[in-house]
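Structure record follows, encoded as structure tokens.
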Amino acid sequence: MAWENQTFNSDFLLLGIFNHSPTHTFLFFLVLAIFSVAFMGNSIMVLLIYLDTQLHTPMYFLLSQLSLMDLMLICTTVPKMAFNYLSGSKSISMAGCATQIFFYISLLGSECFLLAVMSYDRYTAICHPLRYTNLMRPKICGLMTAFSWILGSTDGIIDAVATFSFSYCGSREIAHFCCDFPSLLILSCNDTSIFEEVIFICCIVMLVFPVAIIITSYARVILAVIHMGSGEGRRKAFTTCSSHLMVVGMYYGAGLFMCIQPTSHHSPMQDKMVSVFYTIVTPMLNPLIYSLRNKEVTRALMKILGKGKSGD
């Protein structure tokens, strides 16, 4: 196996996004600011949902899992990128690269499946309100969430192990700010066509299958909302679902854009920009979208800060 012919001392070089020009230095600190907002926002969401018993519902449990995944995702890539930029070092060990690929792919895959579960939750809440507590009881909700983590992690293991079964006999410079398998495949001196097909199949499973569930769920939700007699009920349903659809659109738009193209057609700059969007920008926007458009989250935050009223 090619792995046996490589040592963990054979480091890769992450070329990153930024150089040390004034413009790029400004952009680097902008990314750090976005990271800080994303880190604090998702941490607050997890803590709020854990601490406030009124948020102990399936919808908010799933939202806390999404925030946890986003929190882990940004911590997988940004700290290493920042360390390399500030220290002037570009190296990452093979073990470090394998670990980064595992968490990176696992978390992206897990989010795909979790977003599908969240859409099913909204479907049951709006279309089957009388059966909601039974259909989304804690055991079922926990199992669906666990399967999201397991399926995503399985894909991460496959990609991490398969990617490092190749030999790297030329340049070890990765034209990215993190270890990303399309960038690594370019460096391999093996025929990667079969593995590219495997990647495409994984993308189908991780993206198209969950998207089908989301589209089906929201098609039924829209029909149910149209037939609602109460204007207040329509408004509440629209507000809740539109927040989720905004997140789905941002996340799947970038993911589908990356996956529908063969690896050989990827350009380094294109990969970097799209990756920055769904690994740094989207995790920052998710808690803002849900908190600004959700009175219960806002109330919980005010209560924790001591500004809420106990009778609210």
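Glycine is treated like the rest: Cβ placed from N, Cα and C.
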(request) Tell me if the membrane topology in Swiss-Prot places K272 and Y50 on the same side. (result) no
(request) Can you tell which of C97, C189 has the least company, meaning the fewest other C-beta atoms within 10 angstroms of its C-beta, among these disulfide-bonded residues? (result) C189
(request) Determine how many residues of the topological domain 'Cytoplasmic' (121-139) DSSP places in helix, in strand and in coil. (result) 16 helix, 0 strand, 3 coil
(request) Could you give me the DSSP helix, strand and coil counts for the topological domain 'Cytoplasmic' (50-57)? (result) 5 helix, 0 strand, 3 coil
(request) Among 26-49, 140-158, 273-292, point out the range having the most Cβ pairs under 8 angstroms from the transmembrane segment (101-120). (result) 140-158
(request) State the three-class DSSP label for C97 (disulfide bond), counting H, G and I as helix, E and B as strand, and everything else as coil. (result) helix
(request) Report yes or no: does the transmembrane segment (26-49) come within contact of the transmembrane segment (273-292), defined as 3 or more CB pairs under 8 Å with a sequence separation of 6 or more? (result) yes
(message) According to DSSP, does C189 (disulfide bond) sit in a helix, a strand, or coil?
(response) coil
